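Peer 1: This is the structure I want to talk about, given as structure tokens.
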Amino acid sequence: MSATAEPARSRSRRITLNLLKNLTLREIRSEYKRTMLGRVWSLINPLAQIAIYGLVFGLLFRAQPEPGINSGLHIFALWLGVGIVTWGFINIGIREAMQSFLGYQGLLKKVALPRWTLPASKVLARAATYLTEIAVVAVICGVLGGWEILLRIWMLVPLIALTTVFIYGVGLVLAIGIVYFRDIEHFWGILTQVFFYASGIMIPRNVIETVQVETLDAGGYTFLGGPVPLLALFEANPIYQFLTAYRRVLYDFAFPEWQTLLSLTLWAAGTLIVGLFVYSRYQARIVEEL
Amino acid sequence: MSGNAVEVRNVSKTFRVYHDRNQSIKATVLKGGRAKYEEFWALRDVSLDVQQGETFGLLGLNGSGKSTLLKCIAGILQPNTGTVASRGRMAAMLEVGSGFHPELTGRENIYLNAAILGMSDSEVDRKLDSMIEFAGVERFIDHPVKNYSSGMYVRLGFAVAIHTEPDLMLVDEVLAVGDKDFQAKCLQKFDDLKAEGKTVVVVSHSMGTMRTFCDRAAWLENGELQAVGTASDIVDRYTGEAERPVDLGDGIKRFGSGEVQFTDIELLREDGTPLDAVDPTRPVTVRLSFLAHEPIERPDFAISIRDAQQTAVFNITGHDREWLPERLPAGHGSVDIRIASLPVRAGGYHVVADVRAEGAEIPADKVWGAKRFGVNHGGHSTSGGTLYLPSGFESLRSGDDTATGTLRLMPS
């Protein structure tokens with residue numbers, strides 16, 4: 001009996017992986033269908049974003065991050081570019097994973113399949129897009145900052161893996177949640193705007209630090225009896241930590257601090273565990289709730 | 001579970017019917033719990049077995065729970081209580097073309113749809129040509145499927161599903177896809193599956209399909225299992241129940257609105273004398289005598305000759321033959337149906353007669369078993385088959401050194 005059970009399990013795992021591959025290809029192939037430029041859009045999009053935000057915040061608001069540690073880079077648009085592209089990955093990845101069960105409801109009602117593959121394929125397709133986008137940014141950083149970027153660029157591999165797991169964990173919880181409560185979608189839209197500013201995409205850490213020291217601490221504002229922990233909150237945000245880690249590699253040409261890496265690993269593992277828990281507990285009934 | 005492809009044990013399934021389907025957090029908080037709902041029993045304590053290699057039908061009105069049961073077997077829905085066990089590779093055809101993306105080409109969609117149904121890419125590589133040919137979309141296979149006609153779309157979906165070569169196939173009303181040629185192809189493919197000993201579970205509203213296609217069937221009503229048995233028995237009981245016929249005794253049953261009633265059904269020789277044993281090589285006339293209590297417009301007479309298994313061996317209706325008299329006035333009358341010969345194998349048969357105004361839902365009168373008769377031809381009997389054909393063995397040659405024909409079927 002066990003002799004037949006084992007191949008059956010490995011066979012079903014192969015089938016599931018094959019399904020995941022095909023679903024991911026479906027997303028990737030259909031994204032730029034019927035466009036003349038096709039995949040070139042995934043290069044144009046980040047460049048356009050960097051140009052727009054660079055102009056608005058770099059020129060008009062004169063935000064200035066610290067110069068890159070090893071690279072000596074001091075170009076706001078590049079510092080911004082790393083953040084904006086990574087933020088796009090996290091934000092859109094979570095949103096698409098969140099909407100995956102709703103979007104595939106026709107399929108879910110008619111076919112029995114491992115349902116976790118649906119949000120997973122959305123996240124993987126996003127990761128594929130992110131790879132081209134971050135590669136564009138990395139090439140520009142390398143050209144402007146020097147070949148030394150190559151020394152630590154491999155660090156992107158575990159970083160992207162952690163980011164993908166984090167996105168999947170959050171997305172899975174929301175994908176199940178939204179089936180039961182459609183409000184979550186709108187609520188998440190507002191939360192996204194908060195995080196857009198709270199994740200330090202175009203606000204360098206030193207700006208927050210200045211506010212913390214010169215306004216809050218000096219002004220004697222208190223929160224629950226203590227000083228307002230603005231900077232601590234800012235730094236505790238996992239998305240800020242992700243952005244910081246990517247910037248260390250691509251803008252500073254340095255390794256992320258080990259505390260950051262540990263924290264990101266815990267965040268990724270934590271969200272994945274919560275996601276899988278919610279999934280295994282509530283997925284059986286989602287077809288009826290759709 | 002030896003011999004059983006599917007075992008359903010005490011399965012119950014309830015759905016929540018929301019009074020005020022309000023999927024919002026605000027409503028939840030305000031009402032202290034989610035929106036008010038009622039439990040609706042889609043299935044109640046259903047147990048049945050589907051044996052390996054048989055074709056099993058699920059029968060019932062809309063809302064009787066048959067599709068729910070199929071989805072429970074497929075694993076799409078989970079029963080509240082009870083268990084469903086199945087073995088072997090399963091393919092559920094509850095819809096064809098699941099997951100097709102309109103912007104992708106037919107070829108890309110084949111791989112996607114096949115993966116959803118549990119096929120590996122290498123398996124699709126092998127079967128791709130056969131699928132494309134089956135669907136008949138060779139010229140368009142690299143076009144986006146949104147440009148396909150609805151027929152092509154469905155054919156492609158069906159072609160992929162049927163090529164999963166499952167041990168157990170679940171089918172929900174998808175037999176009715178495509179044109180006549182394609183339907184014939186599908187039925188042929190299902191027959192092949194049956195011949196290979198595969199199991200098929202089918203939900204259909206077509207009684208004809210059920211009777212000819214299925215070996216056994218189950219009948220569900222309001223989520224409860226009414227009966228399980230051979231398909232023809234169940235179909236008879238189901239259609240009988242739906243029409244609530246009156247039992248006249250001697251195995252004669254009658255149902256109808258009663259404007260016209262049959263008074264007698266006879267079989268006649270060429271010379272007009274009645275007979276009870278039919279010679280399969282001779283002409284026979286079926287005479288339906290009736291009394292019209294009220295006149296009816298454009299009466300549609302029909303008879304069906306059925307064998308002991310209730311399989312119709314011959315049907316004729318006025319509608320099919322465009323033989324619809326303008327009006328049947330009140331009073332007695334009769335109609336003769338001439339059959340040049342009834343070449344069926346020896347056995348017991350009976351006539352089912354039906355008359356109704358053209359297109360009426362309910363017959364004016366329908367009678368089962370009112371005329372029973374035997375067919376035989378001078379001791380000529382066959383051990384099976386459906387037809388009587390004048391035939392016999394002739395000329396044996398044997399012991400020759402050389403063959404008379406080619407040796408096509410001999411392994412060399």
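Keep in mind that glycine also has a Cβ here, set from the backbone N, Cα and C atoms.
Whatever TrEMBL says is automated annotation, not expert-curated.
Look at TrEMBL and you will find A:37-282 tagged as domain 'ABC transmembrane type-2'. Sequence annotations record features per position, and here TrEMBL assigns transmembrane segment to A:40-61, A:73-94, A:127-147, A:159-181, A:187-208, A:260-279.
A description of the local structural setting of each listed feature is requested, covering burial, neighbours and distances.
Peer 2: Panel annotation: around the transmembrane segment (A:40-61), residues 32, 76-78, 80-81, 84-85, 88, 129, 132-133, 136-137, 202 of the same chain, lying at least six beyond its termini, place a Cβ under 8 Å from a Cβ of the stretch.
Sequence-distant contacts of the transmembrane segment (A:73-94) (same chain, six or more residues past either end, CB-CB distance under 8 Å): 46, 49-51, 53-54, 57-58, 63-65, 67, 122-123, 126-127, 129-130, 133-134, 137, 140-141, 144-145, 163-164, 166-167, 170-171, 174, 188, 192, 195-196, 199-202, 204, 239, 242-243, 246-247, 250-252.
Same-chain residues lying 6+ beyond the ends of the transmembrane segment (A:159-181) with a Cβ under 8 Å from its Cβ atoms: 86, 89-90, 93-94, 96-102, 116, 118-120, 122-124, 126-127, 130-131, 134, 188, 238, 242, 245-246, 249, 256, 264-265, 267-276, 278-279, 282-283, 286, 289-290.
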